[in-house]
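**Q** So that we are looking at the same thing, I have put the structure below in C-alpha cells.
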Amino acid sequence: MNQQLLDWFREHPGQYISGEELSRRLQITRTAVWKQINVLRAKGYAFDAVPKLGYRLVAQPTRLDEAALLSKLAPGNFGNRLRIVEKTESTQNEAAAWAKEGVPEGAVVLAEEQTGGRGRQGHVWHSPAGKGIWMSIVLRPRIPLPYTPHLTLLGAVAMFRAMKKLTSAPLGIKWPNDILADGKKVAGILLESAAEDERLLYVIAGIGISVNLDAADFPEELQERATSLKIMTGREVDRASLVAACLQELEQLYRLYEEEGFAPIRTLWEAQSITLGRQVTIETPQGPLQGIAEGLDESGALLLRDKTGTVQKVFSGDVHFSG
Ligand code: BTX
C-alpha cells in the first residue's frame, strides 16, 4: 500500500494530489490514506498538506547506500565487510550472530531503523528510520577481559573526532560513553562482549548517533535530554560520510591502542571531557556517589574526590552534573 502511494507521488513530482483522488486510485478510505501518509512520514518522507489541494511529496529520506559507503572507505580496513539492513531489532544482535559465524574484525552492521535499540543497563535507544547512524562493529581485541572499558572510552573519542570533522556542533564527552551537544545527548556507545574462560572472544561496539532527527522525531520524554546534529547546526549531515569518518577514526585509535596501550587514548579522552573538574553525582549500581571528577585511572575508571578528600574509583554509573 505504502509503495503504491509512493509510486503515485513519484509519478507526479511537485503536484498536490487530493485525498479523494488517492482514495479512489488506491481503493481505500480517506482515513486510510491519511494513515498511510503518516506511516511514510515516520519513515522520513515529508509531505505538504493543504486543505482543498491535498498532499504533495516534498522530501524523501536519503538511504544509506552500500556502494557509496564502500567508495568512501580505505580498502582492507574497518567496514569492508558491510551489511546494511532496512529494519532490525538491534544491530548488536545481528553483529553478534555474525561474529559467532567467524566474521573477521572490522565487520560492520548498519540499520536504517531499529525496533529494539538498546543502551547500557537496559536503557532504550530510540532509533527511527532513515535519520541516524545505528551501527555495530565486530572487534576481536587481544586484551585481558578487565581492559574492555578502555574500548568504550576509545569509541567515544573516535565518535567525537568524526563528528567534529563533519559538523560545527559544540560537542563534549561525558564519562564514560556519551557525546553531548549543549548539555543534551547526541550520541552514545555500547560495548557488549563474549568471553570464555576469562578470554575475550569478541566485542561488539555499538554506535548510535542522532544525525538528522528533527525535534519531533524524539519522543516527548527525550525532548529535554536528547538532540541531533541537525538540530544543533541547522544542517543535514551526509550519513555515509559520517559512517566512514567514524570507522576511520575508530580504526586509527584502535591501532594506536594495540601499539601503545591505553595512555594516549586516556590523554585524548581527558582533553575532550566535559566531566573532569566538575562537581558530579554518579548513580552507581551500589548507590549514588558525590564529588569532583578528577581524571581516569589506567583501567578507565573515573577518579572521584569526595568532600573528605578521599579519591574513589568508579567503574560504572550515570553521571549528573551538580555544580
Ligand atoms: P546509554 O544507556 O548511555 O543511553 C541511553 C539513554 O540515552 C536513554 O535512556 C535516553 O535518555 C537517551 N537516548 C535514547 N535514544 C536516544 C537518541 N536517539 N539520541 C540521543 N539520546 C537518546 C548509550 O546508552 C549507548 C547507545 C548505543 C546505541 C547503539 S545504536 C547501534 C547499536 N545497536 C543497539 O541496539 N545499540 C547500539
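From the backbone N, Cα and C atoms, a Cβ is placed for every residue, glycine too.
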**Q** Write down the single range among 19-38, 219-238, 299-318 that appears in TrEMBL as DNA-binding region.
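**A** Comparing 19-38, 219-238, 299-318 with TrEMBL, DNA-binding region matches 19-38.
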**Q** Write down the one residue from LYS43, LYS185 that TrEMBL lists together with GLN114, ARG118, GLY119, ARG120 as binding biotin.
**A** LYS185
**Q** State the residues, same chain only, that lie 6 or more residues beyond the ends of the DNA-binding region (19-38) and have a CB under 8 A from a CB inside it; answer 'none' if no residue qualifies.
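**A** Hits for the DNA-binding region (19-38): 1-2, 4-5, 8, 47, 49, 54-55.
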**Q** Determine the Cβ neighbour count for LYS185 (biotin binding site): the number of other Cβ atoms within 10 Å of its Cβ.
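**A** Around the Cβ of LYS185 (biotin binding site), 17 other Cβ atoms lie within 10 Å.
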**Q** How many other Cβ atoms are found within 10 Å of the Cβ atom of ARG118 (biotin binding site), counting all protein chains shown?
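**A** Taking every protein chain into account, the count is 19.
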**Q** Just checking a number: largest C-alpha distance across GLN114, ARG118, GLY119, ARG120, LYS185 for the biotin site, rounded to a whole Å.
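**A** In whole numbers, the farthest two Cα atoms are 18 Å apart.
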**Q** For GLN114 (biotin binding site), what residues in its own chain, 6 or more apart in sequence, show a Cβ-Cβ distance under 8 Å?
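**A** Sequence-distant Cβ neighbours: LYS87, THR88, GLU89, SER90, THR91, TRP125, SER127, TRP134.
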